[in-house]
Amino acid sequence: MASKDYYEVLGLSKGASDDEIKKAYRKLAMKYHPDRNQGNKEAEEKFKDINEAYQVLSDPQKKANYDQFGSADFNGGGFGGFGGGGFSGMGGFEDIFDSFFGGGFSSRRRNGPERGADLEYTVSLTFEEAVFGVEKEISITRNEKCDTCAGSGAKPGTDSKTCDKCGGTGQVRVQRNTPLGSFVSTSTCDKCGGSGKVIDEPCTTCHGKGTVRKNKKIKINIPAGVDTGNVLPLRGQGEPGKNGGPNGDLYINIRVSSHKNFERRGFDIYIKEHISFGKAVLGTEITVPTVDGSVKYKIPAGTQSGTTFRLKGKGVPRVNGHGRGNQYVKVIVDVPKAINEKQKAALIAFMEASGEKLGSDLGKETIVDKIKKSFK
């Protein structure tokens, strides 16, 4: 560590204020704490470096000496006045961490109750199931307490013993000597894996784990109005806790299939309905499909293509139970691509009656028409 820049370790520039040092330490210590990075040796070493840097930079006298001489001078022996024990007796950095976070992580080192891990499961729903709600039965695989050993991990009739390496704490303390003095750090005990206990005769069913993998069927009530991206928490349905800790939670991720006719936007439903040119001009009554069934709706005369009408309360029920969204019907007026002579004559008459001027070629006999007549 002596070859490293303590400021750089905390992501700071030299001369950083006390508040900046504290904020940087808090952020990095939470990120690299062993409890959040179990089995990650790189994160464990990073955590040690972070605490070592903070022990120096948080102490005014040590910080002043460090700022004056720099880490390179320590390596060259220019700081020999401190010797190897200038800062001995500093204690473990877990005390520093606990002073910041109230001992929230220390309970694990003392083998206190530990909450079980959370689980996730994705449920696929049809459009209608999401709108009206549905009961689903899912099957998940999770750890369950071993029935053979009642979760102890030890063979029936035997018991676990306190780890003789860590004394039951689950952590071992390691002293590191640097030019700034002796630093005491802790790491997970490699003999008991942090449990503080060792099992001489493990259970033959769970092989000492205390848990076994089992498939479990769970019925879940999915409320009306859910949509893709919604997450439903099922409390206590996750992995079992340790040392009497609570179970984790199961989070149900919702995924809704699209519909061939309906488009959902929030709690509103959108649909397109096609009508003919004549019906748009004269008005008509159409049958509109909704999630509740078909309804009749009158289209007024002179409706323009793209006009949108609202069917109040025909949308998706709100998850909180306060009413429903609306359904919006967008009318598309279909213009015929080809018409016969009778239809053409009627349209020309309509335009003339409306006072519209015909185009230069509209309604006139074409050359092709004249040629056809000459052969009749």
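Glycine is treated like the rest: Cβ placed from N, Cα and C.
Fair warning: this is a prediction, and the values are worked out from it, not measured in the lab.
Annotated features in Swiss-Prot:
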DOMAIN    5-70  domain 'J'
ZN_FING   133-215  zinc finger
BINDING   CYS146, CYS149, CYS203, CYS206  Zn(2+) 1 binding site
REPEAT    146-153  repeat 'CXXCXGXG motif'
REPEAT    163-170  repeat 'CXXCXGXG motif'
BINDING   CYS163, CYS166, CYS189, CYS192  Zn(2+) 2 binding site
REPEAT    189-196  repeat 'CXXCXGXG motif'
REPEAT    203-210  repeat 'CXXCXGXG motif'
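In the three-state DSSP scheme, CYS149 (Zn(2+) 1 binding site) is classed as coil. For the repeat 'CXXCXGXG motif' (163-170), the model's average pLDDT works out to 86.
Beyond the repeat 'CXXCXGXG motif' (189-196), the same-chain residues lying 6 or more positions past its ends with a Cβ under 8 Å from any Cβ of the stretch are 38, 108, 111, 162-166, 168-172. Every protein chain shown contributes to the tally, and the Cβ of CYS166 (Zn(2+) 2 binding site) ends up with 24 other Cβ atoms within 10 Å. Report note: the Zn(2+) 1 site is defined by CYS146, CYS149, CYS203, CYS206, and the residues of the same chain whose CB lies within 8 Å of the CB centroid of those residues, excluding them, are ASP147, THR148, ALA150, GLY151, SER152, GLY153, ALA154, PRO202, THR204, THR205, HIS207, GLY208, LYS209, GLY210, THR211, VAL212. Here the CA atom of CYS203 (Zn(2+) 1 binding site) lies 23 Å from the CA atom of CYS166 (Zn(2+) 2 binding site). Other than CYS163, CYS166, CYS189, CYS192, the residues of this chain whose Cβ falls within 8 Å of the Cβ centroid of the Zn(2+) 2 site are, in sequence order, ASP164, LYS165, GLY167, GLY168, THR169, GLY170, GLN171, VAL172, ASP190, LYS191, GLY193, GLY194, SER195, GLY196, LYS197, VAL198. Mapped onto three states, the DSSP output places CYS206 (Zn(2+) 1 binding site) in coil.
The Cβ of CYS163 (Zn(2+) 2 binding site) has 20 other Cβ atoms within 10 Å, all protein chains considered. All chains included, 22 other C-beta atoms sit within 10 angstroms of the C-beta of CYS203 (Zn(2+) 1 binding site).
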